[in-house]
Amino acid sequence: MTALARAPRRERPLPAPPLALPHAEPASPPLPLWGALLAAAASGPVMDAAFPDRGLWPLVFVGIALVLLALRGRRAGPAFLVGLVAGLAFYLTHIEWASLYLGPVPWIALSALESLFVATGAVAIATATRWIPRAFPTVAGRVILLPVAVAGLWTAREAISAVWPYGGFAWGRVSLSQSESPFAHLVTWLGLSGLSFVLVLLVALLLELAAEERVRRSSRALVAGIAVALVLVVPAFPVTTTGTTRVAAVQGNAKAGYFDGARYGDILRAHLAATAEIPADAGVDMVVWPENAADADPLRDPGSAAALDRVVERLGAPLVVGTVTERDGRYYNESLVWTGGGATDHYDKKHPVPFGEYVPDRAFWEPFAPDLIGLIQREYTPGTTDQVMDVAGVTAGIAICFDIVDDQLTTDMVHEGADIILAQSNNADFGRTDESVQQLAIARMRALETGRSVVNISTVGTSAIVGPDGRDIDRLPWFTAGSMVVDVPTADTVTPAILVGRDLEWLVSGLGLGALAVAGLALGRRGRRAAR
């Protein structure tokens, strides 16, 4: 008997293992390593161009995109290399001013240190681009969770390098590029770290939308447009002014640099000469001089004290003046409120600049650069005073030079009751580089963030008085002696950025680190299940 012909029986396909789900395996990096390194190298000068002096703020988005594209899908080793190149390309361009007087060693050393932070953060970001799409293989996982994680990790890296080591270096945060952009007002709500988070989040979101081919192009464009619009339509937090105070801020155009060869008292004489041009009947409430404007300590030099007394007597207003004082064998970078007969209040700079105003761990570092370390003989002691002083009935928050970049000091002075911020600086050591305009941009962002007017006064410039809305009230050209005599608004509003303080920084950083950790745990659990 002949067997009946039968069609072959189809075998039911076995279910795919957990790591073979759609999008489970990360796609290959969109760029070969050499292309990623080129993109990283290009990102530095592109991003630097977003900051003053050029101030082409939209370029920060291009720079961020180049970095994120170069990191996408990479493993730890290549990601570290890409991040290192991106960091060096940016910092060697952005802080080139550090080489002006002291040569290439401090410039390269600081750039290399900051680049190591960038490289470490790059590993975390690249890992997130590999893990999160696998752990959460959905549109929401790729388009929502991944951008949030990437932005949080970027912000965490900025936050850590801003405070460590030796007090950190907060220069170059992407938010600081936006002082004159339509995004600047967000700092009233979010602070500088929050704004950095939003900027990176927007770029990461747009990149993920561009790669999400399963969603219609029109839908992706709509989501992108809505995201940008939502950020731009948020108004600045309203600030209520309480009055005005008439300020005379003096830029002496002194030879105040370390190697300018100024004689003892030259900086004081330059500021006395510039102040003498202010009419006696100008009706000022306070006179503000820059950091170290009284290079002859008025607490120890009777001639200097007498000169300050004459300024106060002629203009009928107290003088806020920067000087260097000595107490118990220790030196302080100090701001004094000088009235007829002496100082009535003082602020000692809390965070002297490492390797500029003091040498941390001198015995360790001196063998590496003995000549440079040897230049710093007089070391400043960190101050312990509060950051506000009473000046003619106005509570003034004081920031000496790089104090203005410190988030915590800014928050503290507002909580201590500051009605106005006096930012005293000596930028002479940086010549006609971008350093002073970068610092002014930071002061502008602080004005917005705090809702306070900022009197940014320098020995040589760039000096300006910025209102609570971030706009210039007055400004002086750099390397020109002169003064600004204007009515400056005072305020007592506490913005959300100041109210929340650094808690928001912790939150968004935690979102990034938490998302990465959860993704790693989820993938590990799946791997263990697959191995059973």
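Keep in mind that glycine also has a Cβ here, set from the backbone N, Cα and C atoms.
If you check TrEMBL, you get these features:
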- 55-71: transmembrane segment (TRANSMEM)
- 78-95: transmembrane segment (TRANSMEM)
- 107-132: transmembrane segment (TRANSMEM)
- 144-166: transmembrane segment (TRANSMEM)
- 186-209: transmembrane segment (TRANSMEM)
- 221-239: transmembrane segment (TRANSMEM)
- 245-490: domain 'CN hydrolase' (DOMAIN)
- 506-524: transmembrane segment (TRANSMEM)
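Among 55-71, 78-95, 144-166, 186-209, 144-166 has the largest number of CB pairs under 8 A with the transmembrane segment (506-524).
If you look at the transmembrane segment (144-166), the same-chain residues 6 or more away from its ends with a CB under 8 A from one of its CBs are 68, 114, 117-118, 120-121, 124-125, 128-129, 132-133, 136, 173-174, 193, 196-198, 200-201, 204-205, 207-208, 354, 360, 405, 407, 502, 505, 508-513, 515-516, 519.
The list of residues near the transmembrane segment (55-71) in space but at least 6 beyond its ends in sequence, with Cβ under 8 angstroms from a Cβ of it, reads 30-31, 35-37, 39-40, 42-44, 46-47, 49, 79, 82-83, 86, 90, 122, 125-126, 129, 150, 174, 177-181, 183, 199-200, 202-204, 206-207, 441. Model confidence over the domain 'CN hydrolase' (245-490) is summarised by a mean pLDDT of 94.
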